[in-house]
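Features as listed in TrEMBL:
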- 11-24: compositional bias 'Basic and acidic residues' (COMPBIAS)
- 30-46: compositional bias 'Polar residues' (COMPBIAS)
- 56-65: compositional bias 'Basic and acidic residues' (COMPBIAS)
- 424-437: compositional bias 'Basic and acidic residues' (COMPBIAS)
- 79-398: domain 'PUM-HD' (DOMAIN)
- 1-73: region 'Disordered' (REGION)
- 424-451: region 'Disordered' (REGION)
- 107-142: repeat 'Pumilio' (REPEAT)
- 143-178: repeat 'Pumilio' (REPEAT)
- 179-214: repeat 'Pumilio' (REPEAT)
Amino acid sequence: MSSKGLKPTKRKDNESSEKPDAKKPKLPPNTIQNQKPKAFGNNNDKGVNLSKKERRVQAKELTEARKKRRKPHYTLEQELATLWEKMRRRDIGKEDRLKLISEALLKMKGKMHEIAVSHVSSRVLQTCLKYCSQAEKEVVYKELHPHFLSLSSNTYSVHVLKKMLDGASKQQLSACISSLRGHVAALLRHMVGSVVVEHAYHLGNAAQKQELLGELYSTELQLFKDLNSTSEKRVVDIIAKLGLQKGFVNRHMTAIIQPILEKGIVDHTITHKLLIEYMTIADKTSAAFVIQQLSGPLLIRMVHTRDGSRLAMLCIKHGSAKERKKIIKAMKTDDNISHVGSIASDQYGSMVLACIFSLVDDTKLITKIIVRELEANLKNLVMGKNGRRPLLQLLHPNSSRYFSHDDLASLDLSVPSLCLMDKSEAKDSDDKESAEEAKDEQEDTVTEQSGLEEIVAVAGSKKDPLVRRQELLVKSGLAERLIDVCVENAEEFLKSNLAKEVMYEVAVGGCDGILLPTLSEKLGELYEAIASVAAEPKPEESEKGSQHILEDFHSNRTIRRLVLDSPTFASILFNKALSGKCRSWAQGHCSKILAAFLETQDLQVREMAKGELQVLVNEGALKIPETKKP
């Protein structure tokens, strides 16, 4: 039986080798396999020999035929693409564009929900929504609204929905947000669907935002719309008002948050709000899980929003030394691309850097990753509204003059469950930290890897704040570089409404005189630079241009503060720029600077200027308010 079974195979091989011209099985007529031999064959049948151009045309026709079979609206998509190329041009007239849009919408009528999921045609619909009339927008809305949920999860139609929401009326927006009811949590776990929820959250009013958030807090708020109230926005207040069980709410929010963090969908403000509210009711284990999940690259993607930056500060405050290290290292990617500059220039990200400077004890790691990046762009940071904040936090920590009440409140936030550590546990962590502190001077970041890793709630730092500031400012070389930048741009900084604050703090040596006496010589160079600019001749009234540094609104007031608070600067300024010229400067804004020499508490400075200024006071040329006399 086995030999019989092998015979057909052997005979087949012999047949193929001995009879190469044996007939092959016939293929069905009119197939692509039959057409290829005809196109490339060498026989001389009529119409078989094709040129290269003809073969390309034939291949193109076959491709078009396949696309028509695969795509039901292929011909329509081709027509829409042609119209789109015309309507999206910048040099087209408004009326011509409206005609093309009306023609395109007419062709799409009844098929818009299918067109919206197409890679090409969805762009046509976006352009139509951008430029069409309000009546046409309503037509598009009526067709797409019944399919709003299904379109929310499509990669291409999500952009169409965003355009539709941008141009929607209040009633249409409310209807779209209501259609999301019961599906918000599921969409937030979807990479594409979360974009639609975020866009609706961004456009909605306070009540609509609370409606979207309420579904994430509790099942009751999802089922009963009337329970949502704008008066109680915080989840703690909602639990107290409705009498909900805190444990049940915690479990419900945990079930929603855990997959979101595991998938890394943390770029949206609604997610940041959800997480910051969750931390207010989470138990110690749950809060520690969130901190552990976020510590790293995920957190860097969140610092650009108010709630995201606050969440980052909570992670820094309560995270272990290992988690803090991960957060700081995530600011510099493996490709050696640093995010420190963009974070420092951001309104909320700058406060995260200020928090790191205030709490993290590993100053060597901060210097390596953050301080070195700040040094490379100091001028722009000093001149920027947000970039100067981390610098001011080092020079004068937690000053209400430079930080708003909201900024200071965010630095003082904490997680309730992680603050309730046993006193004995906290004492043990202090003992472990102090034991490792002696080794920190010899080994890099030993303290950060010590027994503190076992404690989730560090709740601050163990190093003396003054010592930390000294290491970050003076020992790192940041202060010296900052003084050099101030010397190079003395006039520009003093005349700037933003940079003048940094200039003042540097010139007085910082809070607690942190720059003194180490950098006294460098500060002397700064005083000389300011005095040199002030010693320039007073411009004539007929001359147009920038004001003199002693007459400019911002620089005048900064110099006056320096005269009152820095006797060394006051002496250099008077001797180099004002001595013998006080009468010519007694009028205008400069009179405030001259009066400051007589108002200062430093006796030596007052006596130095009194001889020349008292004459002007007696003559009435210089006036000193009674309340400001020393």
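A Cβ is built for glycine as well, from the same backbone N, Cα and C atoms used for every other residue.
Outside the repeat 'Pumilio' (179-214), and at least 6 residues removed from its termini, the chain residues within Cβ reach (under 8 Å) are 145, 148-149, 152-155, 158, 161-162, 165-166, 173, 221-222, 225, 227-230, 233, 238, 256, 259-260, 263, 265, 268-271, 273-274, 277. Same-chain neighbours of the repeat 'Pumilio' (107-142): 72-73, 76-77, 79-81, 83-84, 87-88, 97-98, 101, 150-151, 154, 156-157, 159-161, 163-164, 166-168, 172, counting only residues six or more beyond its ends whose CB sits under 8 Å from a CB of the stretch.
Break the compositional bias 'Basic and acidic residues' (56-65) down by DSSP state and the numbers are 10 helix, 0 strand, 0 coil.
Across the repeat 'Pumilio' (179-214), DSSP assigns 26 helix, 0 strand, 10 coil.
Under 8 Å from some Cβ of the repeat 'Pumilio' (143-178) lie the Cβ atoms of residues 109-110, 112-113, 116-119, 122, 125-126, 129-130, 134, 137, 187, 190, 192-193, 195-197, 199-200, 203-204, 208, 211-212, all in the same chain and six or more residues away from its ends. Averaged over the repeat 'Pumilio' (179-214), the predicted model has a pLDDT of 94. Broken down with DSSP, the repeat 'Pumilio' (143-178) shows 28 helix, 0 strand, 8 coil.
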